[in-house]
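Visitor: Handing you this structure, nothing more for now.
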Amino acid sequence: MDVRLRADEYATTRAILKSAFDMWLDIIDVDVAIVGGGPSGLTAARYIAKEGYKVVVLERHLAFGGGTWGGGMGFPYIVVEEPADEILREVGVKLEKVEGEDGLYTADSVEVPAKLAVGAIDAGAKVLTGIVVEDLVLRENRVAGVVINSYAIEKAGLHIDPITITAKYVVDATGHDASVVTTLSRKNPELGLEVPGEKSMWAEKGENALLRNTREVYPGLFVCGMAANAVYAGHRMGAIFGGMYISGKKCAEMIVEKLKNNE
């Protein structure tokens, strides 16, 4: 194969910078900012974006997917139960029925986050990696956006001021640490918010508590996924992920309803 590739350093640099600046100018004001690109965050992003709203997902690591990639103790499979399996089927994930267990399936732990991310992006959400949310924007007793910085800057310990993304709603989908709600609680003790953390593993109880705990914790701030159980002291579940996906979908539905009602 005789191919000659055009490679120009100036053109490459200019193209990257122009695309990046155009992108940032487009997303500094959004309908929903989702902090955390794990299973619940990506699920919420897809359902909200499908309704035509502007959504950005902010993930501190260079890879989205949260704890899904490693499956259970490094074995590359996760478990999902009905009816959450339908959420994965919508993005084309291949599921294998667990023999002798009604309504239980396994899924490839690499395929799942990849297809969830593609589903969110194809629906119109913007997924950014390497971005850390270090604080929240508050306006008149309401969360009104996120304060962001480069994760590389944070890791290097450099004293560099952040920038902001304004949003009608913010979602804490940061997993076990519930870092967004924790930050709001720590910086604003007068709000009376507490984050007791999750309880020890009890999969069935944790899965069902997760759905109850997915809610608006403060005006403009929702919590979903494992962050919800951390905020409201639910049990952890391990490598069964159905509750995470349903939590993300429930969070999306609640936010979409508020957006449609201009709340």
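Just so it is clear, glycine is given a Cβ too, placed from its N, Cα and C backbone atoms.
Pulled from Swiss-Prot, these are the listed features:
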type	residues	note
BINDING	Ser40, Glu59, Arg60, Gly67, Val133, His159, Ile160, Asp161, Ser179, Met226	NAD(+) binding site
BINDING	Asp161, His176	Fe cation binding site
BINDING	Arg236	glycine binding site
Visitor: Closest of the binding-site residues to His176 (Fe cation binding site), Cα to Cα, picking from Ser40, Arg60, Val133?
Guide: Ser40
Visitor: Are there any residues at least 6 positions away along the chain from Asp161 (Fe cation binding site) with a Cβ closer than 8 Å to its Cβ? List them or say none.
Guide: none
Visitor: Quick one, of the binding-site residues Val133, Ile160, which Cβ has the fewest other Cβ within 10 Å?
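Guide: Output over binding-site residues Val133, Ile160: least Cβ neighbours within 10 Å is Ile160.
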Visitor: Same chain only, sequence gap of 6 or more: which residues have a CB within under 8 Å of the CB of Ser40 (NAD(+) binding site)?
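Guide: The list for Ser40 (NAD(+) binding site) reads Ala173, Cys224, Gly225, Met226, Ala227, Met244, Tyr245, Ser247, Gly248, Cys251, given in order along the sequence.
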Visitor: Relative to the Cβ of Arg60 (NAD(+) binding site), which residues of the same chain, six or more apart in sequence, are found under 8 Å away?
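Guide: Correct list: Thr129, Gly130, Ile131, Val132, Val133, Tyr151.
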Visitor: About how far apart, in whole Å, are the alpha carbons (Cα) of Arg236 (glycine binding site) and Ile160 (NAD(+) binding site)?
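Guide: Spelling it out, the Cα of Arg236 (glycine binding site) and the Cα of Ile160 (NAD(+) binding site) are 36 Å apart.
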